[in-house]
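A short worksheet on the structure shown next.
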């Protein structure tokens, strides 16, 4: 290791400590000088000390970082003890954070410098998210916690025991793959569900729409439609929020399909990215026309980790996978369009997953893209019909116009690129 690399590694170790120190100092910015256990300087020096210990380790021995860590921990604990006697604050977060910073400093000196830097950022994010995490825990219900724990147990324990082979003659029902895909989709939906639980609906319809689009754009469209009847003056903004949810649902389809088959990225992106832009532009235009801020209503979203919800999706995915395989064997690939049209009325995730899995083995990329985009288009129309039947006319017309813009732009982009796709 040359001198330049040593300086770089020590610099990263120092930067990690300073980064965490900024967050810790900001959290305790009202405390008088000298009244807290550690601030930006102490954390910076702790990270730097870790870097020095790591640098000296090859010369002195591997016990040096461990010995310094123990001594450092005792010093921090003693300082925290004195602080606790004054303000009765029994949190040891700063003590643990200091030890983490020291460890990351050592890693920066002797290990992967990128991993150490990423660890420093992750540590700072966790520390800064204190209020959000505490708010989430306070709002977490026992049913939600139980559902998440049950599914985690079923995945960690049951998944390795499931047979990783098809149980049917058509090769569609692979228990391992079906359950893995189901849990992956549930986790993606849970990210949006958590975002809504964390920020609530007070941040406005656009943010609520973005988060809701990761969970269920259909459920969000229905919730906003019902609220538009109670608050007709907010119809345009509610439609904009539903449009944002539609844009996020398109992005979700693109990510899911591309993750299963990278060949699907270009054809789907040629349609879905213009459609997303159309939804976003129409939504922002609706907000500009309304010129008033609207608080989003309570959104009726089911916990994606609820066992009933997960099992229902697993059953739907298995059914669509089986029907798709049988339809191809007995009728031909064209039968998938019927399956897509019917599936799109209810859900697009299942048909997206089942179709993307067939690429390269049963159907070509162009056919798969056609099928998925048909399901997306049918689902978009179904949401507009839902808006007309349950919401105010202004809400339905605004959402219908935004959806039309999205479909037209998406269709134009796709047909322009379709001739270049392998078929």
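Each residue, glycine too, has its Cβ placed from N, Cα and C.
Marked as domain 'MgtC/SapB/SrpB/YhiD N-terminal' by TrEMBL: 10-135. According to TrEMBL, the feature domain 'DUF4010' maps to 183-391. The transmembrane segment annotation in TrEMBL covers 62-78, 90-110, 116-133, 145-163, 175-193, 205-225, 237-255, 262-289, 309-328, 335-356, 368-388, 395-417.
DSSP assignment over the domain 'MgtC/SapB/SrpB/YhiD N-terminal' (10-135) gives 104 helix, 0 strand, 22 coil. The transmembrane segment (175-193) is not in contact with the transmembrane segment (90-110), judged by fewer than 3 CB-CB distances under 8 Å for residue pairs 6 or more apart in sequence.
The transmembrane segment (237-255) and the transmembrane segment (395-417) are in contact, since at least 3 Cβ pairs between them lie under 8 Å (pairs 6 or more apart in sequence). Packing against the transmembrane segment (62-78) from elsewhere in the chain are residues 37-38, 46, 49-50, 53-54, 56, 92, 94-95, 98-99, 102-103, 106: each is 6 or more residues past its ends and has a CB under 8 Å from a CB in it. Between the transmembrane segment (309-328) and the transmembrane segment (262-289) there are fewer than 3 Cβ pairs closer than 8 Å, counting only pairs 6 or more residues apart in sequence, which means the two stretches are not in contact. The stretch from 205-225, 335-356, 368-388, 395-417 with the most CB pairs below 8 A to the transmembrane segment (262-289) is 395-417. By the count of Cβ pairs under 8 Å, the stretch nearest in packing to the transmembrane segment (395-417) among 116-133, 205-225, 335-356 is 205-225. The listed stretches are 116-133, 335-356, 368-388; of these, 368-388 has the most Cβ pairs under 8 Å to the transmembrane segment (205-225).
Mean model confidence of the domain 'DUF4010' (183-391) amounts to 83 (pLDDT, 0 to 100 scale).
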